[in-house]
Amino acid sequence: MSTTTDSPRHASLPLMVLGHGRELATERGVECPGELPAPSDPGLVERARAAKAALGNSVFVLGHHYQRDEVIEFADVTGDSFKLAKDAAARPDAQHIVFCGVHFMAESADILTSDEQQVILPDLAAGCSMADMAAISQVEDAWDDLVDAGVADDVIPVTYMNSSAAIKGFTGRHGGTVCTSSNAKTALAWAFGRRGGLEGTGKVLFLPDQHLGRNTAVRELGLSLDDCVVFDPHKPNGGLTREELQAARMILWRGHCSVHGRFSLEAVHEARATIPDVKVIVHPECRYEVVEAADEVGSTEKIIKTIAAAPAGTKWVVGTELNLVRRLATQFPDQEIAFLEKNVCYCSTMNRIDLPHLVWALESLVAGRTVNRIEVDPDVAHWARVALDQMLALPGETSKD
Ligand code: SF4
């Protein structure tokens, strides 16, 4: 399945009940065909073990940090999305890559692995709301707006890993790069460097997470909040005047993570008021004011490493996905680890991948059927690979999410 289907100019993405109906224009995917085992089936763990044993080295199961424990238990390797895609590419003997994560991650794995390897997403409804916020037709329209405003020649697009293959392909075609939450500063510095550096007139179109773009540009590169404008794809010309586009250095796409975007400044204040000596650590997909108020900011890999390296007795409140925070609390019992915001829940689309879907995908392979294969259109994959290779050529580390 490819995610390259276009929709009309400035069309809203239709809301859809997850797992029902077909909506090929979005990251949300389609319902799974076939008979899934019941979640209440007491034999699910045994069935998953038996199927995995039967498949041996021909299957490689990847588990993103935000996955449920019941799924992580069967992962051959865990990590962030980019690390997992690279892990898959390093296992050419594995004919089937079962990606326990969300759709854009499986697409990246398909792009980075060989044609002989098949990438499987156990539930096609496991999309990403942030990636959904930038449809390729909207981004192509936005580029036309930048051309009309006379600024497109100054603009380098940079897209976050959390975007569809079509958006990565757009970025590759327009001489840009992909970035992760670990190397966003390096990627932005590279992009501005292509247009005369920070002192020049260059601009970055940052997709699709406005918060990561703003946090990086202002906190790490020294640009001001006034240098940033937000391009709203649902408004004509992004809701911006020609003068605003000409003056801007960072054109931030109006997208956000529906989990990290919910952490609030009030929650940071409440944690500091109720937990003496607490350290607040958050992901850079959080809003600017939340990141500014935190003690530490970093990708999931950085959050894990920072907590692992802290002395016993350290008190943390953590602003990232709840499955990971709970696992960290179990993994490091000598530290006090709490979740930052009581009103924030799991990433609902990540949680679409559960044991029944994993068992169904594995048992189907045992029966000789590949279900829910993710296959990126070859032309899209080519240009997305150009943008990914550009990221790999950036100096510094490239782990993300
Ligand atoms: S946590 Fe946010 S960015 Fe990550 S998959 Fe869920 S919605 Fe997307």
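Including glycine, each Cβ sits where the backbone N, Cα and C put it.
So that you can see what the record holds, here are the features copied from TrEMBL:
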- His64, Ser81, Tyr160, Met161, Asn162, Ser181, His283, Pro284, Glu285, Thr300: iminosuccinate binding site (BINDING)
- Cys128, Cys257, Cys347: [4Fe-4S] cluster binding site (BINDING)
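Within 10 Å of Cys128 ([4Fe-4S] cluster binding site), as judged by C-alpha distances, no binding-site residues are found among His64, Tyr160, His283, Glu285. Once the Cα atoms of His64, Ser81, Tyr160, Met161, Asn162, Ser181, His283, Pro284, Glu285, Thr300, the listed binders of iminosuccinate, are compared pairwise, the greatest separation found is 18 Å. Here Glu285 (iminosuccinate binding site) is positioned 7 angstrom away from Cys257 ([4Fe-4S] cluster binding site), judged by their C-alpha atoms. Annotation for Glu285 (iminosuccinate binding site): same-chain Cβ neighbours under 8 Å, separated by at least 6 residues, are Met130, Ser181, Asp209, His211, Leu212, His256, Cys257, Val259, His260, Gly261. Within 10 Å of the C-beta of His64 (iminosuccinate binding site) there are 28 other C-beta atoms, taking all protein chains into account. With respect to Cβ neighbours within 10 Å, the binding-site residues Tyr160, His283, Cys347 differ, and Cys347 shows the lowest count. Selection of the binding-site residues Cys128, Tyr160, Cys257 by a Cβ distance under 6 Å from ligand 1 yields, in sequence order, Cys128, Cys257. The [4Fe-4S] cluster site, placed at the center of the C-beta atoms of Cys128, Cys257, Cys347, has further neighbours from the same chain whose C-beta lies within 8 angstroms: Tyr66, Val102, Ser129, Met130, Ala131, Asn162, Ser258, Val259, His260, Glu321, Thr349, Met350. Within 10 Å of the C-beta of Cys128 ([4Fe-4S] cluster binding site) there are 25 other C-beta atoms, taking all protein chains into account. With all protein chains in the displayed structure included, the most crowded Cβ environment within 10 Å among the binding-site residues Asn162, Cys257 is that of Asn162. Taking CA atoms as the reference points, His64 (iminosuccinate binding site) and Cys347 ([4Fe-4S] cluster binding site) are 12 Å apart.
Under the DSSP three-state reduction, His64 (iminosuccinate binding site) is assigned to strand.
Each residue contributes its Cα atom, and for Tyr160 (iminosuccinate binding site) and Cys347 ([4Fe-4S] cluster binding site) those atoms are 18 Å apart.
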